[in-house]
Ligand SMILES: NC(=O)CC[C@H](N)C(=O)O
């Protein structure tokens with residue numbers, strides 16, 4: 001079968017090919033002259049697939065999309081406390097090249113603006129690191145995540161160094177506040193070289209996927225970053241990645257992202273996808289204009305908005321079946337908080353003879369909801385969550401057989417369970433046992449360690 005996603009991306013490239021608003025970055029000569037019609041899109045999935053269309057193999061300089069990665073490296077190299085002392089965590093609400101500093105600490109507002117990225121560059125490796133060591137570290141982390149050796153485009157570097165008064169003045173100010181220790185020239189040179197690393201839309205998608213998976217490389221399964229580092233970086237991308245348009249972007253597109261003035265957009269949607277888009281013309285705040293359009297379409301067409309809630313928690317319980325005083329609870333899929341809560345919900349509903357709490361939902365206090373609930377009863381029963389409730393309730397109500405003595409948790413169809421899911425279900429097992437119920441776990445792949453659950 002031909003995979004449908006690349007076909008979708010190809011049609012998106014064709015459709016948006018006709019739309020190309022904005023201008024290339026005018027303040028850096030090499031970027032001003034870039035071919036404005038280039039357009040590439042790539043998606044990398046946590047399962048290790050790379051989908052792409054258009055100019056997805058064309059190299060361009062990463063520019064500000066390097067900032068999340070040097071931030072990750074600094075967090076690894078120096079620890080959270082040391083980095084947080086020098087760089088804040090709040091959106092600046094100002095342009096990327098403003099001197100946006102917090103009032104008392106004089107820390108740059110965040111690591112996604114230039115001032116913050118200069119402070120982060122200083123923190124790379126260690127206090128005694130040389131300019132070369134810091135730049136090597138920046139190139140190294142981006143190469144590791146991209147999965148190929150990346151290099152600096154020295155022509156773009158020279159071109160930007162010739163016009164870097166603005167970054168130099170930021171660096172001088174930061175030095176005067178003690179945020180930088182090296183000379184302004186050294187740090188700006190290192191930072192500008194970091195920005196001149198050549199990548200493709202495919203690279204950005206893979207690098208974004210490494211963040212989206214919580215630090216696991218999607219192609220090799222290797223851990224590249226501690227998950228708390230990946231989570232921190234994606235958090236700051238969410239609040240500050242798209243500069244002064246960050247709030248608008250979060251509301252409209254809802255994909256944690258970072259743009260660069262060469263026209264790259266890096267997206268990292270936790271647990272779902274890494275995105276790379278390349279289109280050199282920029283909008284007024286300095287984001288790739290067509291890159292923004294493409295991300296907006298991806299978000300709408302595939303429902304990729306971070307805040308899109310879903311009601312799939314209930315599918316963790318496949319079905320509940322009673323035979324005499326035994327009840328079989330069949331679980332399935334990926335179990336995290338939502339799924340584990342649904343499992344606990346089904347276990348709570350079982351008639352074990354012990355006292356059962358209510359749902360916590362006092363319909364009398366919410367009379368309007370009571371009516372709405374009656375109206376949608378049929379709909380609720382049709383959803384799997386409703387069906388599970390129904391099944392558990394039936395099992396619980398089977399009075400002929402008396403209370404349930406044994407619960408068999410069947411995990412044969414569970415694909416994955418995270419720590420939270422494991423802890424919550426183990427706690428459910430303990431509580432059933434405390435109620436005098438025998439618990440058996442059918443778990444051929446040992447997804448839920450028996451010793452942890454304390455079951456047979
Ligand atoms: N937004 C960007 O991509 C800015 C990066 C560019 N190197 C600069 O410092 O101005």
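Just so you know, glycine gets a Cβ as well, placed from its N, Cα and C.
The structure displayed is predicted, hence computed values, not measured ones.
Features reported for this protein in TrEMBL:
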- 64, 114, 160, 167, 191, 243, 261: substrate binding site (BINDING)
- 327-441: domain 'STAS' (DOMAIN)
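Where TrEMBL records a feature, it is marked here on the structure.
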{"residue": "64", "record": "substrate binding site", "Cβ within 10 Å": "25"}
{"residue": "114", "record": "substrate binding site", "Cβ within 10 Å": "23"}
{"residue": "160", "record": "substrate binding site", "Cβ within 10 Å": "25"}
{"residue": "167", "record": "substrate binding site", "Cβ within 10 Å": "23"}
{"residue": "191", "record": "substrate binding site", "Cβ within 10 Å": "28"}
{"residue": "243", "record": "substrate binding site", "Cβ within 10 Å": "23"}
{"residue": "261", "record": "substrate binding site", "Cβ within 10 Å": "24"}
Listed binding-site residues adjacent to ligand 1, that is, members of 64, 114, 167, 191, 261 whose C-beta is under 6 A away: 64, 114, 167, 261
Max pairwise CA distance, angstrom, over record-listed substrate binders 64, 114, 160, 167, 191, 243, 261: 20
Secondary structure of residue 261 (substrate binding site) (DSSP, helix/strand/coil): coil
Model confidence over the domain 'STAS' (327-441) (mean pLDDT, whole number): 76
DSSP three-state assignment (helix, strand or coil) for residue 243 (substrate binding site): helix
